[in-house]
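Asker: So TrEMBL has the following annotated:
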type	residues	note
ACT_SITE	HIS409	active site
ACT_SITE	ASP461	active site
ACT_SITE	GLU470	active site
DOMAIN	525-605	domain 'Carbohydrate binding'
SIGNAL	1-20	signal peptide
Amino acid sequence: MGGAVVLFSVLLVLVPLASAGHDYGKALSKSILFFEAQRSGYLPSNQRVTWRADSGLLDGKANGVDLVGGYYDAGDNVKFGLPMAFTITMMAWSIAEYGKQMAATGELGHAMEAVKWGTDYLIKAHSEPHVLYGEVGDGNSDHYCWQRPEDMTTSRMAYRIDADHPGSDLAGETAAAMASASVIFRRSNPAYSGQLLSHATQLFEFADKYRGKYDRSITVAQKYYQSISGYGDELLWAAAWLYRATNDRYYLDYLGNNGDALGGTGWAMTEFGWDVKYAGVQVLASKLLLQGKAAHHSPVFERYQQKAEYFMCSCLGKGPRNVQRTPGGLLFRQRWNNLQFVTGASFLLTVYSDYLSATGRNIQCSAGTAMPSELLMFAKSQIDYILGDNPRATSYMVGYGGTYPQQVHHRASSIVSIKVDPTFVSCRGGYQAWFSRKAGDPNLLDGAIVGGPDAYDNFADQRDNYEQTEPATYNNAPMLGVLARLHGGNGAFSQLLPVVLPAPNIPAKPKPSTPAPVSQPNSPFVVEQRATASWNQKGKTYYRYSTVVTNKSSKNVKDLKISISKLYGPLWGLSKSSNGFGFPTWLSSLPAGKSLEFVYIHAASPADILVSGYTLV
């Protein structure tokens, strides 16, 4: 089909997607919630996963840069740039396509917050035009330890790419993340959208000018996220997203002029994921062709489309080289975290189905015709399998359904919350006390999609079975779009026309609440805290907290000892001691009925304060 494609009136896919079997809206909510459990840095006051606390607060400091924030990739405590950026791109693509459906479920705000948590970090990581930090921590030392993120004692060294140490795949994927996110924030936060686009254009220029594989520059990533496919797919992927974000002919020409040389029109793929983006590029290029935007590059874009449809046919089992399936019908590519490929393929099948529906086209596979509804129903079958329609009747989304994994390979969920038991968990002690436990995890990792079953639908719910029980952010990211589509239908609009997102109901970030007065059992003290002032500095809000400790007994108090945790700033009005804090130097006792006040400042919720020792005289 040439560039002058006529868009026919919308042909809706009339398929009963609101299956009585699954609550896709609930699954969508949980899928987004999982990202809050993966947050690193200072957690916001509207954090819903309350068993997590602040972590990684010194990230980047040793390198002279602020790298606090972002996401842990899976069940460990490392921040890997390549899968994190891909995760953000897929969340943003989900919103760009199905934001209206997300808004109808009330989840658009949460989804956009999940994207922004990631892009805020990527902005920090792109500290100079030709510098991008691509990893914090290293897998070797991290995997030696089993600790909560809040207790980390492992190396937090940061690793970067630059002009002398290039990484076109990492810079290209990060450019794609920034560009795709700029699309979804264009209406609700135009200033932020523009900031993201500025970073995206710089990163693309960096990726294209200084070519090389990132894992040759950041060698510590090789064992964990090696770029097997090289960087050709990421350069095309970034160009496709930049064209969608800018409508700048330069990026369209880049796709047309480099499609053959960089493999976009040559690679016939049967997988899509954080490493291999070719199928995603081919779907994005096909959309441009179907929209009539390919112009004089139509022959090249038709080759992109042929390869996109090769992918669809392979998933459906109608191609010359089909994706393997388990006896229960699940797409199967590898035994280690196979579900990442299932969710990615399901997303591509879903969006391509809608693109085809808008033009009234079918796909001609080598084994017969495939209608748009067939693509969508196959994607639905894969999602239903994940949610429990499988031979084991097990949901592979934690917290969804009656039966789901209990021993998830995930440090934070498998160790008691620091808010329940603040006792320090050591590097090796965590293995002895928590990893080896046969009981279920003390914290529910709600919404996490684990690695999934093997080629025969078998699954062992054991914490040391990391190939099957470890979750990952990039497993969940494509699910957002598919679940929104399955829950909300196609919204009676053409997926080839621009999707105008409604204003997101982004949850407000209230000022830290004033804790209720704390009266410790069998203690004569009441501790009251309140925020008395706040101000913004370098994009961060700081609070001044006043804390009043009142002696409610009928006697004087001497030798007062106060324990304070989660304090991240300076404090005035107490004296520091070896085991906490005590009276200021000018005060030796606190009479009956009297109060002591001290203040502190930090950019977080109130610290946890209690009286840990005293003498009544």
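Backbone N, Cα and C define each Cβ position, glycine as well.
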Asker: At the level of the C-alpha atoms, what whole-angstrom distance separates GLU470 (active site) and HIS409 (active site)?
Answerer: 5
Asker: Going by a 10 angstroms cut-off between Cβ atoms, which of the active-site residues ASP461, GLU470 has the sparsest surroundings?
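Answerer: Taking ASP461, GLU470 as the active-site residues, the minimal 10 Å Cβ count falls on ASP461.
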Asker: So if I measure Cβ to Cβ from HIS409 (active site) and keep only same-chain residues at least 6 apart in sequence, which ones fall under 8 Å?
Answerer: GLY75, VAL450, ARG463, ASP464, ASN465, TYR466, THR469, GLU470, PRO471
Asker: Can you count helix, strand and coil residues in the domain 'Carbohydrate binding' (525-605) using DSSP?
Answerer: 0 helix, 51 strand, 30 coil
